[in-house]
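The next block holds one structure in the form of structure tokens; read it before the comments.
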Amino acid sequence: MDRIGVSFLDPLDDYELVHRIGCGTYGDVFKARNIRTSELAAIKIVKLDPGDDITSIQQEITMMKECKHKNIVAYFGSYHRNTKLWICMEYCGGGSLQDIYHVTGPLKEKQIAYVCRETLQVRIFLCERQLVAVAS
Ligand SMILES: Nc1ncnc2c1ncn2[C@@H]1O[C@H](COP(=O)(O)OP(=O)(O)OP(=O)(O)O)[C@@H](O)[C@H]1O
């Protein structure tokens, strides 16, 4: 964990948890607030047991750290404390496309075009990065 810049300090010195937002493959995600700056964050808390294979979670952290793009959730930092890994990132309060669909129904063609363009910008960014990695 040291290798990828994970802190061993207490995350609760930096963040207060607001409430649980959801859960994914690795654990629960909380809305949180940076105590010093008041900036909102989303924090994924992963329970680590001795002997767990942490390769894929390390890859997720490394990937987030490297991907700095306006359309990719920004990485704020990670903490490893008392068998839990806290991954802190930009909070996206607008909900998912599925959430929007449930509220407003199917997107209009112009809205779909917008989402496709923004998503493709990320795709191009990621492809370019891969090409740089291959060449160097
Ligand atoms: N940066 C974020 N801002 C706001 N909500 C988030 C953020 N990241 C995750 N969430 C919420 O937490 C839920 C779980 O996210 P998580 O990334 O753990 O899993 P997932 O992407 O849904 O699935 P998987 O773990 O299989 O990739 C999401 O469905 C979403 O509701």
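Counting begins at 1 with the first residue displayed.
Backbone N, Cα and C define each Cβ position, glycine as well.
Small disclaimer: the values here were computed from a predicted structure and weren't measured.
According to TrEMBL, the protein has these features:
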- 15-136: domain 'Protein kinase' (DOMAIN)
- Lys44: ATP binding site (BINDING)
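The Cβ of Lys44 (ATP binding site) lies under 8 Å from the Cβ of Gly24, Tyr26, Gly27, Asp28, Val29, Trp86, Ile87, Met89, each on the same chain and at least six residues away in sequence. According to DSSP, the domain 'Protein kinase' (15-136) comprises 47 helix, 39 strand, 36 coil.
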